[in-house]
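First comes the structure, then the notes that go with it.
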Amino acid sequence: MLRRTSLTIVLAAGEGTRMRSATPKVLHQVAGESLLAHVLNAAPRGDGASLAVVVGPDHAAVSNEAKRVRPDAATFVQRERLGTAHAVLAAREAIAAGADDLLIAFGDTPLISAATFERLRQPLRDGATLAVLGFRPADPTGYGRLLVEGGRLVAIREQADASAEEREITLCNAGVMAFDGRTALAILERIGNANSKGEYYLTDAVAIVRDLGLEATVIETSADEVRGINTKAQLAEAEAVMQARLRRAALDAGVTMIAPDTVFLAADTTFGVDVTIEPFVVIGPGVSIADGAVIHAFSHLVQAVIGKNASVGPYARLRPGTSLGDGAKIGNFVETKAAIIDAGAKVNHLTYIGDSHIGAGANIGAGTITCNYDGFGKHKTKIGAGAFIGSNSSLVAPVTIGAGAYIGSGSVISRDVPDDALAVARGQQAIREGWAKRFREAKSRGKAKDTGHAKDAK
């Protein structure tokens, strides 16, 4: 049997005024990805699948996001906002190409799944002309009701037009639809705007399908899957649902979470086996954590790769470009950025490692700072395998510390250090026997006039 081709049109032209934000609504994020990205990633892909995104005239950023997520996406502009059917027909050129299945979705429903799109296509394979996604909200007030007779959809009745009996129906319209591509354009072009707002409503397609003697049907899904985002409160609710999904998926994959509700994940986080995540950890986009790694409490990771049996935290911040080798350790109050830390290396306390490469087995003492920025550009620090950096050292980049080299505590290193060498760069220690006693005696007699280290007692 030949695989059916598909066109998915994602409507993303809404202004989103209730978000109270300068950011287009569909670019707000859930689990580290834009609302639009979640929908695009759920849409069919691969051979025979095409994608179109309808944007507003002033939303170049939305077009750019669509191309970032799905380079195969075509974008079309809805220059006037005249209803959902009008928005779909902005992509008339794509529809006319004649895919077998036409899917219509919304860019502000980030919880919809690929499986739901596939279920919505099944009635088309079975001969239906139109399939509408339905759901049962806790409170159906305000939603269009789906009127079903004999297993077929006969109408979508808006709340204002519904009879008292129809308002008792709990099956509601989610807005997501699938059309048989052979008849989709003809049906869409028959939708008129004879209503109080003068707009073209996609819901009118049901009546047109019925008038043509064709079949419309309903596929039901959960209310969460079609949760639309119009306010910041709804955005937070969607985040909570997504985080619950991600946590459960991680737990089912074998990740140990001591307090799952305190852990926040990104949609693209990947885990190996026997990973442990302690409480109050935030994992942003682009993080992969290999087998046996432990992420201790109160750590924050973004765009970082964690090797097997590595350890992070507690209270660590791993910024983009961090790569932690197998068995390496990042300890408490350590920040890394664009740092490659090879297997077995240790950065245990109170340290900043930026634009650096640390060799295998190196030890970075507490309070070490890689001074990577000169006010104009970033510079690289290279620390060889097995090197030992004493506590409270400053490494002024660009600089290379050779393999096996030792850096004395408190040093400021601005020149390269050869392999196996010792480098010390600090003021010499001076000891004056009895000075402290004489100073205290002088103070007690009121002879010391200042509050600093006074005059030297001779």
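Using N, Cα and C of the backbone, Cβ positions are placed for all residues, glycine too.
These figures come from a predicted structure and were not determined experimentally.
The DSSP secondary structure for HIS349 (active site, proton acceptor) is strand. Around HIS349 (active site, proton acceptor), a 10 Å sphere centred on its CB holds 15 further CB atoms from the protein chains shown. Per Swiss-Prot, active site, proton acceptor is recorded for HIS349.
What Swiss-Prot records for 11-14, LYS25, GLN78, 83-84, GLY144, GLU158, ASN173, ASN230, ARG319, LYS337, TYR352, ASN363 is UDP-N-acetyl-alpha-D-glucosamine binding site, and it gives sequence analysis as the kind of evidence. Listed in sequence order, VAL54, THR84, ALA87, VAL88, ILE104, ALA105, PHE106, GLY107 are the same-chain residues six or more apart from LEU11 (UDP-N-acetyl-alpha-D-glucosamine binding site) with CB atoms under 8 A from its CB.
Positions annotated as Mg(2+) binding site by Swiss-Prot: ASP108, ASN230. Secondary structure at ASP108 (Mg(2+) binding site), as computed by DSSP, is coil. Counting every protein chain shown, the number of other Cβ atoms lying within 10 Å of the Cβ of ASP108 (Mg(2+) binding site) is 25.
Long-range Cβ contacts of SER391 (acetyl-CoA binding site) within its own chain (separation 6+, distance under 8 Å): GLY365, ALA366, GLY367, THR368, SER409, GLY410. A coil conformation is recorded for SER391 (acetyl-CoA binding site) in the three-state DSSP classification, outside any helix or strand. Summarising the annotation, Swiss-Prot assigns acetyl-CoA binding site to ALA366, ASN372, TYR373, SER391, SER409, ARG426.
The region 'Pyrophosphorylase' annotation in Swiss-Prot covers 1-232, and the record cites sequence analysis as its basis.
For the region 'Linker' (233-253), the number of residues in each DSSP class (helix H, G, I; strand E, B; coil) is 20 helix, 0 strand, 1 coil. Sequence annotations record features per position, and here Swiss-Prot assigns region 'Linker' to 233-253.
What Swiss-Prot records for 254-458 is region 'N-acetyltransferase', and it gives sequence analysis as the kind of evidence.
For the recorded site, ASN372 (acetyl-CoA binding site), the DSSP three-state label reads coil. The binding residues for acetyl-CoA are recorded as ALA366, ASN372, TYR373, SER391, SER409, ARG426; their greatest pairwise CA distance is 22 Å.
Cβ neighbour count for GLY144 (UDP-N-acetyl-alpha-D-glucosamine binding site): 23 (other Cβ atoms within 10 Å of its Cβ, all protein chains included).
Put simply, GLY83 (UDP-N-acetyl-alpha-D-glucosamine binding site) is 58 Å from HIS349 (active site, proton acceptor) when counted between their Cα atoms.
In terms of C-alpha distance, the listed binding-site residues ALA13, LYS25, GLY144, ASN372, ARG426 place LYS25 closest to ASN230 (Mg(2+) binding site).
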